[in-house]
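Trainee: Features from TrEMBL:
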BINDING   Asp30, Lys35, Thr86, Thr126, Glu158, Lys269, Arg335  NAD(+) binding site
BINDING   Phe155, Leu156, Lys157, Glu158, Lys210, Phe255, Leu256, Tyr257, Pro258, Gly259, Gly263, Lys328  substrate binding site
ACT_SITE  Cys266  active site, nucleophile
DOMAIN    321-423  domain 'UDP-glucose/GDP-mannose dehydrogenase C-terminal'
Amino acid sequence: MRITMVGTGYVGLVTGTCFANTGNQVTCLDIDQSKIEKLNNGISPIYEPGLDELIGRNAKASRLHFTTDKSAAYKNAEIIFIAVGTPSGSDGRANLQYVLAAAQDIGDAIEASSDTREKIIVVKSTVPVGTNIKVQQAVASRTSKTFHMASNPEFLKEGAAINDFNKPDRVVIGAHTKYAADKMRDLYEPFVRQGNPIFIMDIPSAEMVKYASNCMLATKISFINEVANLCEQYGADISEVRRGMCSDKRIGNQFLYPGLGYGGSCFPKDVLAMISMGQDCGHPAELLESVHRVNQQQRDVFLTKLESHFEGADWSKLKIAVWGIAFKPGTDDVREAPSITLIQKLLEKGATVTAYDPVAHETAGEVLTDSITYANNAIEAINDADALIVCTDWSEFKNPEFELMKDKMATPVIFDGRNVYRRSTMREYGFVYHSVGRAPINEENAAV
Ligand code: UDX
């Protein structure tokens, strides 16, 4: 099939590349000239394991093309995916300006095209329920020719996106015509050979599946963080509580790891968008409002632990090391990363911050001011530090040389925002240790 992907952001690029890899002819369109130049030189603008190689292979086979030229991109397309950004506005609502602008361009292209086949326009961007109709109207305002609409939400996890795309748990397609449903099913058939389902449903339901799924997962995280905070107050250990809960199959064991709260480009934005959808229709999403609040507070709850530990200290004399800036391991994405909030608050207090992340220094530099130092490796970051904060659970932080760490640090104090370490190990090595939902090991009980 001939596919055009509008938007070479994270979703558009992964989706377009994976479709090319099953033999489709894919043209990726973006307005950002420098991005397209990079891609045409075989350089991926994002860090995603396996993506560079897949782009290179499919571009070389002339199945994957990158362009800024709209008319060339739309000319022969059978299916056009809209995968442009939908950033949260200041009121939490998804900003649809890019989606609707793309819709108008597509309408113009359909009107100008001599191709007699009817085109399918697929909304891939995460958009509030009801957006598909707005897109349809925007296209129809520019052309009188027949076209088909579909909604096709994505469920890609950053860092595992290629695998998620190639072996999806499910594919969700919203379509109101048999033509669109059949074509979309054909397109996805190669990805569900192992028997996972393709669900064809009405368009509003497909749009809602995405929000409901992400909001459910975000709810699990805020729930476990709330329980973790209560564990601390009542002397329970969240790791034990978690184990006890998760063996109940109805509860399951995923997305119930406590920490600094969820970040990234999806959960915070999607929870806010669902809250706005509730407000707009007069049915406030009260549970999700709490989910969002708990998530925001989780960073402050953690900061309070540092504040009490350093009570009375002169913050301008404190050196704090941070391990991990990305919002989770396996990505250089720092959007809504808890690390950023924490670092900003530490800087406001006057502390000196040295951070290390295996891949996110460049992206962090775009968000943070120059006022932090980036270390070349994890050990360099903790040199002379009064405390270490573990913000992201990258594998390389899981089994460090604790003796060496103690030698390097000014004081052996760890604030573990991801519960990466065993309390018994921390006690054994004599660290002062604060984590999430577990009793601290402090000066009084640190000795073996
Ligand atoms: C998410 C969804 O998983 C994916 O289906 C959707 O398409 C996009 O949003 P992603 O943003 O890549 O994917 O991150 P994910 O791995 O889901 O993690 C989200 C956040 O939750 C991270 O900040 C992570 O650290 C946090 N998290 C996750 C927890 O704090 N605890 C957990 O138990 C799981």
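Numbering starts at 1 and runs along the chain as it is shown here.
A Cβ is built for glycine as well, from the same backbone N, Cα and C atoms used for every other residue.
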Trainee: How long is the line from the C-alpha of Asp30 (NAD(+) binding site) to the C-alpha of Cys266 (active site, nucleophile), rounded to the nearest angstrom?
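Mentor: Taking the Cα atoms only, Asp30 (NAD(+) binding site) lies 21 Å from Cys266 (active site, nucleophile).
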Trainee: When you look at Phe155, Leu156, Lys157, Glu158, Lys210, Phe255, Leu256, Tyr257, Pro258, Gly259, Gly263, Lys328, which the record names as binding substrate, what is the longest CA to CA distance in angstrom?
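Mentor: Binding-site diameter by Cα atoms for substrate: 24 Å.
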Trainee: So if I draw a 10 Å sphere around the Cβ of Leu256 (substrate binding site), how many other Cβ atoms end up inside it?
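Mentor: Other Cβ atoms found within 10 Å: 19.
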Trainee: Relative to ligand 1, which of the binding-site residues Phe155, Lys157, Arg335 have a Cβ found under 6 Å from one of its atoms?
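Mentor: Phe155, Lys157, by Cβ distance under 6 Å.
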Trainee: Distance between Phe155 (substrate binding site) and Arg335 (NAD(+) binding site) at the Cα atoms, whole Å?
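Mentor: Cα of Phe155 (substrate binding site) to Cα of Arg335 (NAD(+) binding site) measures 18 Å after rounding.
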Trainee: For the NAD(+) binding residues given in the record (Asp30, Lys35, Thr86, Thr126, Glu158, Lys269, Arg335), what is the largest pairwise C-alpha separation in angstrom?
Mentor: 24
Trainee: Compute the average pLDDT of the predicted model within the domain 'UDP-glucose/GDP-mannose dehydrogenase C-terminal' (321-423).
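Mentor: Residues in the domain 'UDP-glucose/GDP-mannose dehydrogenase C-terminal' (321-423) carry a mean pLDDT of 96 in this prediction.
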Trainee: Please identify which of Lys157, Lys210 has the densest Cβ environment, defined as other Cβ atoms within 10 Å, among these binding-site residues.
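Mentor: Of the binding-site residues Lys157, Lys210, the most buried by Cβ count within 10 Å is Lys210.
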Trainee: Helix, strand or coil for Cys266 (active site, nucleophile)? Use DSSP.
Mentor: coil
Trainee: Provide the three-state DSSP residue tally for the domain 'UDP-glucose/GDP-mannose dehydrogenase C-terminal' (321-423): helix first, then strand, then coil.
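Mentor: Tallied per class, the domain 'UDP-glucose/GDP-mannose dehydrogenase C-terminal' (321-423) gives 34 helix, 18 strand, 51 coil.
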